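Asker: Before I ask anything, here is the structure I am working with.
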Amino acid sequence: MTGMIHQLKNFTSALVLGGVVTVGSVFAVSGAMAQDATQQEAPQFDPEKVVAKVGDENITELDLVYAIEDLGQDIAQIPPQQRRQFVIQMLVDMKVMAQVARDEGMADSDVFARRKAYLEDRALRRAYLEEVVAKGITDEEVKAEYDDIFKDFEGKEQLRARHILVESEDDAKAIVDELNNGADFVEVAKAKSTGPSGPQGGDLGYFAEGDMVPEFYEAANALEVGKISAPVQSQFGWHVIKLEDRKAAEPPAFEQVQQQVRQRVLAKKFEEIVAKNKEELTIEIVE
C-alpha cells in the first residue's frame, strides 16, 4: 500500500514538472498560506483583491496565485507564515524591474518577443487544461481510474502483535513461564517490559514484513493468533511475542488518494489530446 501511494505521489510530482497542474490546486495553496499566517480560518478567495501597488499598477490575489504556481517547490522551504509576504515582495520587485526594462526599450526587442511567445503558449496550454480538460473530469472517471489502478493490488499481509522486551534470555524464559501459568500478557508487559510499548501492554499495532527487524518478524509470523513465542533475540534485547491478529493487505481508501488519481486522469487526457492533434500537423524535429 505504501509503495502504491508513493508511486502516485511521484506521478503527481511528474505532472508538476510537466506543467500539468491546474490553478485550482494553487488556489488551495494560496488559501492555506493565508491560514498558516493567521492561524485562523482563511477568508473567501477574492481574485481581484489588491494586495500591493507599484506606481499605477496593482498586484492582486490572482497575481499571487500565478506566482505561487510558477515558484512551486522553490518556496517550499520558506516558513508558512512568511511565504505570503515573500511572494508579494517578489512581485513588487518584478514590477519595478519590468518598468526599468520598458523604460530602456526592452519591450520592443526581439529577445522579449520570443520569450513572450513562449510564455503565451505555456499560458494558453495551462488555461485550456484548467477551463476545458480539468473541468470536464467527472467523479465517475476518477473512481474508475482508481478501480483500475488497484484491481490487481497485492500488498503485504499485516500482523498485529504485542511483545515484552527484557535484557536477558533468562528473564525472557521466566516471563514465558509466568504467562504459561496464566499471567495476563498485557499486565506483565506493563510491569516488566523495557520497551517503549510497555505502558500500552506491549501493543505494536499492525505491521508488515520489513517494518520490524527480520528475526522479530519471522518469529511473529510463525505464530498462530493468540499464541506466545519462545524467547527471541534481536539487537534490542530479548522478546516474548504474542500474535494478536492477521489481516490481508488492503489498498488505500479512495478518499486518501483521490486527488493524485484525478491528476493521473488529467495527465492521460492531456496526452490523448496532444497525440490526436499531433496526427493532424506536420512536425519536424531539426537538430
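Any Cβ shown, glycine's included, is placed from N, Cα and C.
The domain 'PpiC' annotation in TrEMBL covers 156-245.
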Asker: Give, as a single whole number between 0 and 100, the mean pLDDT over the domain 'PpiC' (156-245).
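Answerer: Mean per-residue confidence for the domain 'PpiC' (156-245): 97 out of 100.
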Asker: With helix taken as DSSP H, G or I, strand as E or B and everything else coil, how many residues of the domain 'PpiC' (156-245) land in each class?
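Answerer: Summed over the domain 'PpiC' (156-245), the classes give 31 helix, 27 strand, 32 coil.
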